[in-house]
Amino acid sequence: MVFRKLPGVSASGMGLRLSQKFMFLLFLSGLVTLCFGALFFLPDSVRLKRIFLSKTETQPVTVGSGSENDAREHLKKPRDQEHPRGMTSAKGETSTKLKTLTRKPSVSHEATEEATASDRGATSDTFSYAKFKGCLLKPPLGRDNGKPSDPRTDERREKVKEMMKFAWDNYKRYAWGKNELRPVTRNGHIGNMFGGLRGASIIDSLDTLYIMGLMEEYNDAKEWVQNSLDLNSNGEASLFEVNIRYVGGLLSAYYLTGEEVFKSKVLELGEKLLPAFNTPTGIPRGVINLGSGTSWSWGWASAGSSILAEFGTLHLEFVHLTELSRNSIYTEKVMNIRKVLNKIEKPHGLYPNFLSPVSGNWVQHHVSIGGLGDSFYEYLIKSYLMSDKTDDDAKKMYYGALEAIEANLVQKSPGGLTYMAEWRGGILDHKMGHLACFSGGMIGIGADDGAPEKRQHYLDLAAEITHTCHESYTRSATKLGPEAFRFDGGGEATATRLNDRYYILRPEVIESYMYMWRLTHDPKYREWGWEAVEALEQHCRVESGFSGIRDVYTMTVSHDNMQQSFFLSETLKYLYLLFSDDDLLPLEDWVFNTEAHPLPVVQNHSSFAL
Ligand code: DMJ
């Protein structure tokens with residue numbers, strides 16, 4: 001190093017003063033280091049320590065760090081980085097957030113970010129998204145987003161994803177914000193089922209897009225919910241349809257993503273549905289004006305009655321509304337429905353389809369596992385499963401109903417096909433609706449919790465019914481199933497009436513394939529699912545979306561010009577799950593509502609203790 005000579009100072013004198021200064025500086029810096037180090041040994045309460053050492057440096061990483069923007073950002077990341085792999089389980093763990101994390105150091109970055117967006121301001125009285133995530137047995141999207149190892153299955157799964165993208169893109173292009181796409185005329189449909197609410201296809205698609213990893217599309221959908229979903233409508237809505245599609249869709253979007261917007265929207269909507277229960281019995285009426293809260297029964301329903309499948313298909317969503325709001329009113333409302341049903345006499349143990357919300361009596365004795373009755377039975381077993389198998393009342397009602405169904409409705413055709421007939425005051429109508437085909441899956445998922453001597457029998461019954469529904473597809477020219485098929489007039493599993501021949505992209509048969517695949521891993525269910533994909537592609541895919549068809553028995557198809565929102569929510573989701581590994585939305589943690597929106601098993605059973 002070369003020192004420039006200072007004026008009036010000799011070289012040797014300058015060297016001496018420099019070395020003294022150097023020694024002094026060395027001593028000073030040692031002193032500062034010592035003092036700073038000593039701060040670490042002071043108690044946290046000392047102000048000096050808080051000034052010099054910020055709190056984040058002294059704490060372990062816990063749920064609650066990060067920012068809302070982080071959480072949003074992560075939704076834009078490429079799919080592979082998004083979902084936790086190997087998140088460990090801690091079912092039953094309801095301790096504090098910090099404790100949960102200490103027990104589960106492998107908790108993912110994703111879970112931390114989600115907790116941040118959702119849990120700000122959470123108290124023990126409010127729902128904690130982090131705690132909910134900690135209670136799941138498995139990561140919702142599996143180790144690898146459910147990607148199957150077998151390349152052929154993976155290819156099929158990719159095909160289903162492409163169908164979803166195609167259906168969505170066309171909806172977005174021609175019908176954005178409307179309820180459904182009219183794919184032939186390329187415009188939107190609003191209809192009158194949702195009381196002026198819009199965007200049914202968007203709400204119904206949120207979870208499907210998310211599990212398929214269509215994140216750009218999911219983000220568009222979320223943005224629409226944030227900015228354009230207007231719940232202040234003033235029209236006549238079907239309580240049932242709004243509940244299964246809007247409430248169900250928003251709930252599962254929230255549970256899957258932790259995005260606050262879904263939670264606040266669903267709680268706002270839930271409140272608007274409550275006036276429908278203001279009847280002498282508490283059995284809700286079918287139609288409600290979302291603005292005024294006035295409610296009434298469907299004009300076509302027998303003598304002002306309410307419909308079993310409608311008031312019996314609220315339980316799963318309403319229990320979750322209580323979970324998220326910590327307001328017991330929702331659970332009280334649906335528990336009261338149970339109470340009324342348990343009190344009245346049931347003909348042969350069966351539940352007729354029409355009930356008076358005024359007197360609490362059956363209005364006529366028509367019993368069906370298809371339309372008007374279907375999802376009531378589905379919600380009994382699913383309520384039991386969703387309660388972590390603690391809702392014994394639901395269990396008793398379900399197996400009781402199933403016994404009555406077996407004794408009175410289940411039939412075997414001369415050709416050996418098992419089917420569910422309909423019952424009209426003791427007289428059987430040998431017809432099975434497409435809607436009733438969900439029952440293969442339902443009986444399947446309930447098999448394991450039946451009486452030990454009945455378990456195999458239930459699984460066999462589930463397989464037989466699914467087989468019959470598959471037959472209804474194979475017996476048509478298009479390989480798609482009719483709206484209803486019969487077992488009289490010489491035919492078996494075929495529609496004999498002209499107005500039963502249509503197919504409107506319904507999911508029920510594919511839904512049963514999915515459940516039966518998960519329960520048995522019999523490859524035939526995947527093959528049957530693939531047959532349905534090919535048929536959908538050949539007959540329902542049009543230039544701008546998917547459309548229902550008017551007659552499944554003719555190859556010169558006529559399109560009904562409607563892409564139903566349940567096609568995106570259910571049909572394509574069940575197909576995608578059918579070709580995925582079982583760890584995508586594992587059945588130990590999730591139940592699907594009747595519109596295929598996954599809802600988590602509730603670990604805190606307080607709701608059921610009402
Ligand atoms: C869906 O909206 C639901 O599955 C409902 O329970 C019955 N019908 C349609 C699909 O077919």
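Glycine is no exception: its Cβ is also placed from the backbone N, Cα and C atoms.
Bear in mind that TrEMBL entries carry predicted annotations, made automatically and left uncurated.
Under the heading transmembrane segment, TrEMBL lists 22-42. According to TrEMBL, the compositional bias 'Polar residues' annotation covers 59-68, 91-105. The region 'Disordered' annotation in TrEMBL covers 59-120. Marked as compositional bias 'Basic and acidic residues' by TrEMBL: 69-85. According to TrEMBL, the active site, proton donor annotation covers Glu241, Glu483. The active site annotation in TrEMBL covers Asp374, Glu508. Taken from TrEMBL, the feature disulfide bond covers Cys437-Cys469. For Thr594, the entry in TrEMBL reads Ca(2+) binding site.
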Cβ neighbour count (within 10 Å, all chains shown) around Glu508 (active site): 26
Neighbour count (Cβ, 10 Å) for Thr594 (Ca(2+) binding site): 26
C-beta crowding around Cys437 (disulfide bond), within 10 angstroms: 31
Recorded positions near ligand 1 among Glu241, Cys437, Cys469, Glu483, Thr594 (Cβ under 6 Å): Thr594
Under 8 Å by Cβ from Glu241 (active site, proton donor), counting only residues of that chain that are 6 or more apart: Met193, Phe194
All-chain count of other Cβ atoms within 10 Å of Asp374 (active site): 25
Candidate recorded positions Asp374, Glu483, Glu508, Thr594, pick with smallest Cα gap to Cys437 (disulfide bond): Glu508
Between Asp374 (active site) and Thr594 (Ca(2+) binding site): CA-CA distance (Å): 10
Between Cys469 (disulfide bond) and Glu508 (active site): CA-CA distance (Å): 9
Fewest Cβ neighbours within 10 Å, where candidates are the recorded positions Cys469, Glu483: Glu483
Rounded inter-Cα distance in Å - Glu483 (active site, proton donor), Cys469 (disulfide bond): 11
Alpha-carbon distance [Asp374 (active site); Cys469 (disulfide bond)] in Å: 15
